[in-house]
C-alpha cells in the first residue's frame, strides 16, 4: 500500500510492514512549525485541530517538538469531523480569544479551516497582535483551486502557511505546462498531486526491476483464513501475492528524480530530504518568505542548494512578514488573559527591614516599600496593562522563607513573586528572574575596637613573615657581596672577625643607603644596584604604612572576614528566611550548630554586643542591603573583609514567562533615566554614623605583595655567584698544580684545598694588565723561530706565577 496523502505521524512500517508513505509525514511539518515558533521568540501556542487520528496525532507531535525548544501548547481544542458547524466554531474561538497566547496553529480540513478564518475575522481575531499558522491543508487549496473569492482571501491576510517543498526543475515545468493545456488551469497542481504522479512512477520502476529479476505475478489462498468464521465477508475468497517481499524490496531500493525531486527512501522507509516552503498570504496571492528543511532549519535559500554545504543551524533567517493587521512589526504573541483573572503575586510579609517591603497596616493585600515602588514603576513602563493583585506570604511576625516563596510559583500558588528576593543558582533552576534592580551579596559584620598606637607600633606595618624574609635577604645580600668582592677589594678582607662585622655592617647599612664600602667587581655592582632598588620600594612602603597607622584612627576586630569564621568555631548569626543559612551550611560546610537565626536589627545588635561568651554571636552574615541599613544606625559594628558572594535582587516568574523579559527591559529603563536611584533615595537614604571616617584596621604588608622583587633579587644573586664560580674554576684548571709529596691527602681533597685557597687569595690588580702586554707583544712579533718570542712567553709565565703566590 503506497499512500501519497496519509500524513499521520503514527503510521509506521513497524506496525504495517507493507505500508509506504510517498509524501512527507506530519512529524516533519510539526518540526517546521515548532522551529518557526522558536525563531520568532514565542513560548506558547494555541492549537486548533481536527478531532480525529489525523489531527490528534499531529498535535501530539507538535507538542513534543515544541517541548524540545522549551515551548509548549498552552491551550488546544478539537473540531469534530464532518460538516463545519458555525456555532461550535464560534464557541471555540471565543474561548481562544480569552487565552493568553495569541499564536494559533490551525491543523484542520479545508472545509472547517475556511469557516474558522471567517468567524475569526468576524470576532476581530485577524487583526494586530494575532499570529495564525496554517498547515499544508491551506497551501494545497491555494495551489489547486482557481482564484478564491475576495471575501475568503480577505479573511486570510497575514496568515503563515506551510507547503511541501518540491524542487524547481525543467521536468516539473514541462509537466505543469502539459497539465495546464489538458485542464486549462483548473484544477491547478499542488504538492499532493505531484507526489501522486511520482508514486505511480515509483511503482512502475519497481515492477520493471521486479520482472527483470524473474518475478512472477502469482497468487495463492491462505488456509488459515478458511478456519475463520467471517460471516458474510467471505474472507476465504482472498488471495495473497506470493512474491510481495521481492516487490517491496524493489520499491524501497528504487531511486529516481521525479517531479518533486530526488525520490528515495531512507532506512526508516521515509522519503529523504523533507522540506517545506513557508509562505505568507498577502493581497490576492501569496509570497514565499523562506524554507524549512531538517538539514539546516529555516533559510531563505532553497534546500537543494544547502544540501551541498555543511549543515549549519546557527544562521537561520527568513524574509519579512506582513502580519495580520497589515503590520511589519512582529507580534508579541501573548497578552494577559481576557477572562477577568488577575495575576496572583506573592509578596513577603516581613517583620524587619520594612523599608524594603511591608504590608500596609489595616489592609489585606496592600504593600509599600522600595521593592514595591520599583515593581510599580516598571509595570507602568510596559506598553500594555498588567492586571495583578498582591497576596501576602508569611504571618508578619517573623520573616518568611524566601525559598518557600519561590517554590510556590512552581506549584501554581502564585503567578509571580515580588520583593527583596535574592537571585541564587538553585532558584534560577525552577523560576525565571528579571534583571536585578539591586546589587547584593553576603558580607560579614563584626564588632570592633579602637586601636592605640603603643610602643611597638613600628612593627605593625609588616607581617612576621615579611620581617623574617626581609632580614634574611639583608644577610644574604651581605654574604653575596662579600664573596664577589673578597679577592679584589681590600675593604672586604682582614681577620675573620673583621670580615663578619663587615658583612653585617654592609648588609644593614644599605637600608639607609649609608654603606661606606666601595664595590670593585662588576658582578658586585650589578647585585648591589638591584638590591638598593628593592630596599627603596620596601622602605617607601614601610614609611607609608607606618604613617597611616600613626595618623589615621584604626579599628580592630578579631574577625578578619569569612575565612576567619570558617576556620574558627564561634557562633555565627544570620537573618531568618535568608538564603545565607543554606549558603553557609551547603557551600561553605559550616556546621549548622554554629548558626543562630536572628529576626531583627535589634536582635543583631544584642547578639553582637553579647558575643559568644554571653550567648551571642562572634559575627553576622547577611546580604549587603540589609547590612547597610543596619549599620546606618549601629556605629559599634563594621563590615570586615570583602563581599564574598555576588548576586542581586529580582522579581520571580514561572519559567519562560514573557513578562519577565519585558519587566527586565523596563528595569533597565528605570536605571538609565534615574528613576531607580530616586526610588532608592526615597526609601533607603539614611544618616550615617559620625565615625564613618574611621577605618577598620587595614591589612598589613604581606610577603605576597613583594615576592616579585625578592625573586628578581634572588635570581640576580644566583646568576652572579654562578658566573663568579665559573671564573674560579677556569683559573683552577689553567693554574699549574704544585708537586705533592708522597703520603699527601687524596686528589679530591687537594682540588678542594686549591679551590678554597684560590677563593681566599688576594688577586693582584696588575696581573691582568701584564698578561695583556705579553699577548700584545707576541702578536706583533710574527717572525717564525724568533728567540725573543720564547723568552717573552717564559717571562710572562714566571711573572704570572709570582703574582699568583698567596699574600699573607
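Even glycines carry a Cβ here, placed using N, Cα and C.
Any TrEMBL annotation is an automated prediction that lacks curation.
The domain 'Ionotropic glutamate receptor C-terminal' annotation in TrEMBL covers 344-686.
Under the heading transmembrane segment, TrEMBL lists 466-484 (among others).
According to TrEMBL, the feature transmembrane segment maps to 526-550 (among others). Here the transmembrane segment (526-550) has Cβ contacts under 8 Å with residues 453, 457-458, 460-462, 470, 473, 477, 480-481, 484, 510-511, 513, 519, 698, 700-701, 705-706, 709-710, 712-713, 716-717, 720 of the same chain, all six or more residues outside its ends.
Marked as disulfide bond by TrEMBL: 635-689.
Marked as transmembrane segment by TrEMBL: 706-726 (among others).
If you look up TrEMBL, you'll see 757-808 marked as region 'Disordered'.
If you look up TrEMBL, you'll see 799-808 marked as compositional bias 'Polar residues'.
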Query raised in the report: Which sequence positions outside the transmembrane segment (466-484), separated from its termini by at least 6 residues, show Cβ-Cβ distances below 8 Å to it?
Result: 459, 492, 499, 502-504, 506-508, 510-511, 519, 521, 523-524, 527-528, 531, 534, 538, 700-703, 706, 710, 713-714, 717, 720-721, 724
**Report entry** Long-range neighbours of the transmembrane segment (706-726), counting only residues six or more past its ends (CB under 8 A)
**Finding:** 466, 469, 473, 476-477, 480, 483-484, 523-524, 526-527, 530-531, 533-534, 537-538, 541
Requested in this report: Note down the number of other Cβ atoms within 10 Å of the Cβ of residue 635 (disulfide bond), including every protein chain shown.
Outcome: 13
